[in-house]
Each structure stands twice: as C-alpha cells, then as structure tokens.
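*Asks:* The structure under discussion is supplied below as structure tokens; questions concerning it will follow.
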Amino acid sequence: MINYLKSFFLYEIIRGMTLTLKYFFKPKVTINYPYEKSPVSPRFKGEHALRRYENGEERCIACKLCEAICPAQAIVIESDERDDGSRRTTRYDIDMTKCIYCGLCQEACPVDAIVEGPNFEFASLTHTALIYDKERLLNNGDKWEQALANKLHKDYQYR
C-alpha cells in the first residue's frame, strides 16, 4: 500500500527535483576549459623537454639510461664522441605515441637533462608530429626552462 501511494504521488520524481533544486543555485564546479585552466601539480608529467646548462650547452651526456629504462621503448638515442673525449647525442628521438608518461626517464637521468614539463596541450592530427626529435625537445626545454627549474627544485626532496 505504501509503495502504491509513493508511486501515486510521484515520490521519486519529487525527490529527484528537490535534489536538483538544492544544487541549482550553488556555485558551479566545472571549468570553462579553453578559457580557464585548473592549477597543475608541481609533480605533473607532461610534454618532454631536453634542458641546457646556463652557458647554452646541452645537458645530455649520452649515457642512454633513459633509453634503457623506458618500458615503452619510446626513446632512441645515437651518440658520437667529441674531440675532448666526452660523448654527446647526435640523435635523440621520443615517440610520444608510445610514451606512457611514467617519468622513469626523468628519474634515471643523472644530469636532469630529460624532464617532463608542465605542458599538456600538444595534441596533433598526424602521427609524425608526435615523434619529437632533438631540436624540438631542446626548443621545449628553452621555452619551459624557468618552469622546469622550479618543478625540479620543488620535487628535489622526493628524489
């Protein structure tokens, strides 16, 4: 009998409408994405970048630890020896379609050369645009250097 009265007086609909009215006048929790952006965690793993020293020389010493530790095998490195005996990369490619953004390459790097930056807006229509070469990675590093340095400084206690 009680179930009949509840269905006769549309109890479920009234209950649903009161819940809707309860939240109707409260402030919105959604963000108008392209125009508003939510804060990003300092430990966020985004687009990759290769960093340089203050004198402009690239940090990568071609130890290939990042290539060895990458579980997705997304990193390809070729190196050559310089006249002074040090090694530097001649090719540093990352296939971003394979990358799983685990951050192991960043953790393995002894000189903080490869880092995952704050940028997450790098969508593309073609596969070839998501294969990053050394120049693009260095440009990302130059573009985001201040943010990358701050990120590494904040994250230092966890490393």
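For all residues, glycine too, the Cβ spot is worked out from N, Cα and C.
Pasting the feature list from Swiss-Prot:
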type	residues	note
BINDING	C60, C63, C66, C109	[4Fe-4S] cluster 1 binding site
BINDING	C70, C99, C102, C105	[4Fe-4S] cluster 2 binding site
DOMAIN	51-80	domain '4Fe-4S ferredoxin-type 1'
DOMAIN	90-119	domain '4Fe-4S ferredoxin-type 2'
*Asks:* Against which stretches of its own chain does the domain '4Fe-4S ferredoxin-type 1' (51-80) lie, if we need a Cβ under 8 Å and a gap of at least six residues from its ends?
*Replies:* 86-96, 98-100, 102, 104-115, 138, 141-142, 145, 148
*Asks:* Within the domain '4Fe-4S ferredoxin-type 1' (51-80), how many residues are helix, strand or coil going by DSSP?
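*Replies:* Reading the DSSP string over the domain '4Fe-4S ferredoxin-type 1' (51-80) gives 5 helix, 8 strand, 17 coil.
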*Asks:* Mind checking which of C63, C66, C70, C102, C109 has the fewest other CB atoms within 10 A of its CB? They're the binding-site residues.
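*Replies:* If we count Cβ atoms within 10 Å for the binding-site residues C63, C66, C70, C102, C109, the smallest count is at C102.
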*Asks:* Find the shortest Cα-Cα separation between C66 ([4Fe-4S] cluster 1 binding site) and the binding-site residues C99, C102, C105, and name the residue that gives it.
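*Replies:* Checking each of C99, C102, C105 against C66 ([4Fe-4S] cluster 1 binding site), the shortest Cα distance is to C105.
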*Asks:* Which state, by DSSP, holds C99 ([4Fe-4S] cluster 2 binding site): helix, strand or coil?
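*Replies:* It is coil.
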*Asks:* If you run the three-state DSSP split on C105 ([4Fe-4S] cluster 2 binding site), which class comes out?
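*Replies:* SS state of C105 ([4Fe-4S] cluster 2 binding site) = helix.
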*Asks:* C60 ([4Fe-4S] cluster 1 binding site) to C99 ([4Fe-4S] cluster 2 binding site): how many Å between their Cα atoms?
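*Replies:* It is 19 Å, counting Cα to Cα.
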*Asks:* Can you figure out which of C70, C99, C102 (the binding-site residues) comes closest in space to C109 ([4Fe-4S] cluster 1 binding site), comparing Cα atoms?
*Replies:* C70
*Asks:* Name the residues of the same chain, 6+ apart in sequence, whose Cβ is under 8 Å from the Cβ of C99 ([4Fe-4S] cluster 2 binding site)?
*Replies:* H48, C70, A72, A74
